[in-house]
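Colleague: Pasting in a structure now, in structure tokens, and then I'll have a few things to ask.
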């Protein structure tokens with residue numbers, strides 16, 4: 001095309017060349033070069049409108065910094081000046097100088113200081129930069145003065161983003177509206193163009209929660225049914241961005257073909273249940289059928305809502321969804337009521353049972369009811385709901401495919417919160433059958449032996465014994481006593497070693513205090529304060545502290561060597577008694593020196609209060625997670641129940657009774673120590 005144009009010019013002016021000389025020849029060459037430059041620029045604009053050239057053209061023009069900064073800040077006049085300003089005049093080759101007329105003609109076709117085709121490191125041109133910063137006036141000026149070419153609006157960067165993508169991602173409403181109007185006027189189509197990730201401008205605006213931009217795009221008839229490369233729709237992204245405005249714009253638009261698809265076969269309602277009830281209402285009003293759709297795991301939005309525990313959202317879905325939704329099960333056979341029970345959302349369980357009473361009968365893949373799920377996870381509130389509702393009384397002793405009742409699962413899942421659920425389950429009274437055997441022939445009491453932790457085992461034994469639970473029929477010579485975890489022996493040895501060090505320190509302090517008595521010694525070598533009651537208390541308790549601490553050292557050393565539980569417990573008692581004796585000896589020495597003074601009284605109260613909180617902390621930390629009533633019943637049964645039953649409990653769980661006896665002894669000893677301290681105070 002260029003060569004034919006040149007031929008036309010040559011033919012048209014051949015006579016003038018011969019008659020007017022070299023000046024006319026120079027003018028013709030300039031006209032030819034101008035026309036060649038304009039045609040080349042048109043070709044470049046057409047080529048740059050295609051995505052492939054936008055990212056793969058090795059002849060990319062680097063954007064000059066001045067143009068980038070001017071476009072970034074939206075300085076219209078500076079951008080216009082950079083694009084039309086001529087470069088420095090080029091000197092002619094050799095000694096020839098360009099005259100003034102030739103220079104004027106040269107400046108008419110030479111490119112400006114910057115070029116509109118120049119791009120940044122990520123192939124963004126000036127239009128991309130202006131769109132991302134929301135400079136609508138600059139976009140209009142560039143279009144009307146330089147571009148006027150619909151294809152340039154679809155110019156793409158390295159991520160295949162058009163200027164409309166950039167404006168929508170940044171939420172620049174003015175730039176979005178300007179680009180939409182210019183695209184409409186030029187007849188171009190950038191509204192539903194996709195970038196490298198398959199996102200349209202509507203996807204980007206929805207993902208970033210720009211409600212106003214979404215409204216503008218929807219009003220311009222942007223397609224809400226397009227999915228990106230991840231299979232996600234704009235509506236799902238709008239929900240995830242928590243933008244109610246964007247969700248409302250898409251769901252209330254005239255585009256009835258809007259998609260709600262999300263990842264893993266979810267829909268927008270799956271995501272909305274974790275956001276707000278307003279979003280849920282908008283989506284249900286727009287398309288109620290979404291409530292019945294399931295994801296790849298077979299979970300419906302009602303499953304999701306039940307797991308989150310928002311009662312209002314669950315109620316909205318139940319009202320809008322078909323009845324089959326309440327009874328639908330996921331790939332694990334769990335219905336919504338099972339999910340709510342597993343999470344402990346008793347108000348959701350109550351709402352589901354209220355709406356569909358027969359939903360309480362649903363069984364999962366293992367044949368378990370929602371009460372099984374609640375008992376296994378220790379949710380006392382859900383268990384209480386089942387106990388208080390007469391319609392659900394039949395679930396209390398219901399068995400799963402393995403023959404396990406809810407009580408079996410509560411015992412088998414022995415943890416601290418489960419004990420609360422177990423206690424609530426046992427509060428059902430005569431309705432609950434504690435001796436039902438499962439398919440393996442085990443009663444709930446038998447399953448307590450599977451507990452690997454010490455305190456949970458104690459809690460189970462105390463609670464079950466107090467409520468009359470029995471073992472399965474079994475030869476007593478084949479009973480294997482509970483031994484706990486394999487690392488219990490190692491724990492006893494390590495703890496004994498550490499406590500033995502403490503006992504040695506107490507013995508050392510008590511021994512040295514014997515030769516450093518309060519008040520010192522007289523000239524006769526005897527204690528100056530001898531004969532005073534407080535001094536005598538000092539000598540007595542200091543001697544007790546040293547003697548008992550030495551006994552504790554011996555017991556703990558033996559416990560470390562043999563991992564003997566009995567030696568370890570007796571060593572603990574001796575260590576604690578020596579510690580109390582040492583502190584009382586310290587106070588007695590202080591009283592012997594200071595007498596009945598304020599400082600003596602304050603010191604005694606501080607020691608008294610400190611020991612009170614310490615004892616309470618120890619008892620609270622070691623007390624089984626069961627009620628005081630159960631502990632009293634257990635101790636009563638150990639004293640007055642038939643001997644055969646007591647023996648069976650001792651054979652299965654020999655440490656349970658021993659632990660409670662020692663804990664009771666600890667409390668009694670500390671009470672006696674407190675009483676003794678009060679008597680000592682009165683004497684001194």
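Backbone N, Cα and C atoms are what each Cβ position is placed from, and that goes for glycine too.
Dumping what TrEMBL says about this protein:
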{"type": "REPEAT", "residues": "197-229", "note": "repeat 'ANK'"}
{"type": "REPEAT", "residues": "297-329", "note": "repeat 'ANK'"}
{"type": "REPEAT", "residues": "332-364", "note": "repeat 'ANK'"}
{"type": "DOMAIN", "residues": "490-592", "note": "domain 'PGG'"}
{"type": "TRANSMEM", "residues": "499-517", "note": "transmembrane segment"}
{"type": "TRANSMEM", "residues": "537-558", "note": "transmembrane segment"}
{"type": "TRANSMEM", "residues": "570-590", "note": "transmembrane segment"}
{"type": "TRANSMEM", "residues": "610-632", "note": "transmembrane segment"}
{"type": "TRANSMEM", "residues": "653-677", "note": "transmembrane segment"}
Colleague: How about long-range neighbours of the transmembrane segment (653-677): same chain, 6 or more residues beyond its ends, C-beta under 8 Å?
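Modeller: Residues 448-449, 454, 457-458, 461-462, 481-482, 484, 565-566, 569, 573, 576-577, 580, 584, 608, 611, 615, 618-619, 622-624, 631, 634-635, 638.
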Colleague: Looking only at the repeat 'ANK' (332-364), report the model's average pLDDT.
Modeller: 94
Colleague: Kindly report the helix/strand/coil residue split of the domain 'PGG' (490-592) according to DSSP, in that order.
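Modeller: Summed by class, the stretch gives 83 helix, 2 strand, 18 coil.
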Colleague: If you run through the repeat 'ANK' (297-329) with DSSP, how many residues end up as helix, strand and coil?
Modeller: 23 helix, 0 strand, 10 coil
Colleague: Taking helix as H, G and I and strand as E and B in DSSP, count the residues of the repeat 'ANK' (332-364) in helix, strand and coil.
Modeller: 23 helix, 0 strand, 10 coil
